[in-house]
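Features as listed in Swiss-Prot:
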type	residues	note
BINDING	CYS98, CYS105, HIS117, CYS121	Zn(2+) 1 binding site
BINDING	CYS128, CYS135, HIS147, HIS152	Zn(2+) 2 binding site
REGION	1-28	region 'Disordered'
REGION	90-282	region 'SBD'
ZN_FING	41-76	zinc finger
ZN_FING	93-153	zinc finger
Amino acid sequence: MSRQTATALPTGTSKCPPSQRVPTLSGTTASNSDLASLFECPVCFDYVLPPILQCQSGHLVCSNCRPKLTCCPTCRGPLGSIRNLAMEKVANSVLFPCKYASSGCEVTLPHTDKAEHEELCEFRPYSCPCPGASCKWQGSLDAVMPHLLHQHKSITTLQGEDIVFLATDINLPGAVDWVMMQSCFGFHFMLVLEKQEKYDGHQQFFAIVQLIGTRKQAENFAYRLELNGHRRRLTWEATPRSIHEGIATAIMNSDCLVFDTSIAQLFAENGNLGINVTISMC
């Protein structure tokens, strides 16, 4: 079966907030959701978590909103720095919803685990997976591909699990990125070749594949990158990264195909570098 080839061009480098609500408790035992609602911040409606500070009248504000305020948003009294140890003890026995509950996450967990979960939560908004910091778009997973198709039209997409990624003008000076898309098995993959300037003008290339999908979905696939030519071969095989985690950490840790300019020249022709890309299901 012949490989498709795509050419990747370098991309270059107020109203007063409502009062805190007091839940109506039915029966003698408060439900977990009733207790959690006691900790709602009256400004942002996120949760007030330990260490908990109150105003002189006992009203609470979360740690994110507190530095932005000059008085209590509920009673307009001075904020003060009074520690509410009783509410902190209650917080230790409450399971709080994930901050992305409105997006579909159904997890409830202790406040000590909340921040770590939310950092990895699959319902957290996705950022644009294109390398570089120029695009600040964020949205749901379902909206990623429409965003790429409408806002990044220069990115080529090839169909099939076995294709050739052709990066042009690899001798361009400075930091450069090459990007293309590969569609197979009902999913979309983003292939990235990144050139970085290191010390003393030394340059390194980093090639990696990421799935337009969740971490769990990414575990179902493997990818192989291969430089092949002039009776030489250089191969890298790994699990694709999810765009949820991105590729910055993998590149920083060299957890991808890494080679320098001297290696690149062994496989390049007329300043262009072809990388064979194969996606397979595990």
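Backbone N, Cα and C atoms are what each Cβ position is placed from, and that goes for glycine too.
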Additional residues surrounding Zn(2+) 2, by Cβ distance to the CYS128, CYS135, HIS147, HIS152 centre under 8 Å: PRO129, CYS130, TRP137, LEU148, GLN151
Helix, strand and coil totals (DSSP H, G, I; E, B; other) for the zinc finger (93-153): 24 helix, 8 strand, 29 coil
Spatial separation of HIS152 (Zn(2+) 2 binding site) from CYS105 (Zn(2+) 1 binding site) - C-alpha basis, Å: 29
Pairwise Cα distance for CYS121 (Zn(2+) 1 binding site)/HIS152 (Zn(2+) 2 binding site) [Å, integer]: 26
Neighbourhood of CYS128 (Zn(2+) 2 binding site) by C-beta distance under 8 A, where only residues 6 or more apart in the same chain count: CYS135, LYS136, TRP137, GLN138, VAL144, HIS147, LEU148, GLN151, HIS152
Local confidence of the zinc finger (93-153) - pLDDT mean: 92
Set of same-chain residues at least 6 away whose C-beta sits under 8 angstroms from HIS117 (Zn(2+) 1 binding site): CYS98, VAL107, LEU109
Other same-chain residues whose Cβ falls within 8 Å of the Cβ centroid of CYS98, CYS105, HIS117, CYS121, the recorded Zn(2+) 1 site, in sequence order: LYS99, TYR100, ALA101, VAL107, LEU109, GLU118, LEU120, GLU122, PHE123, ARG124
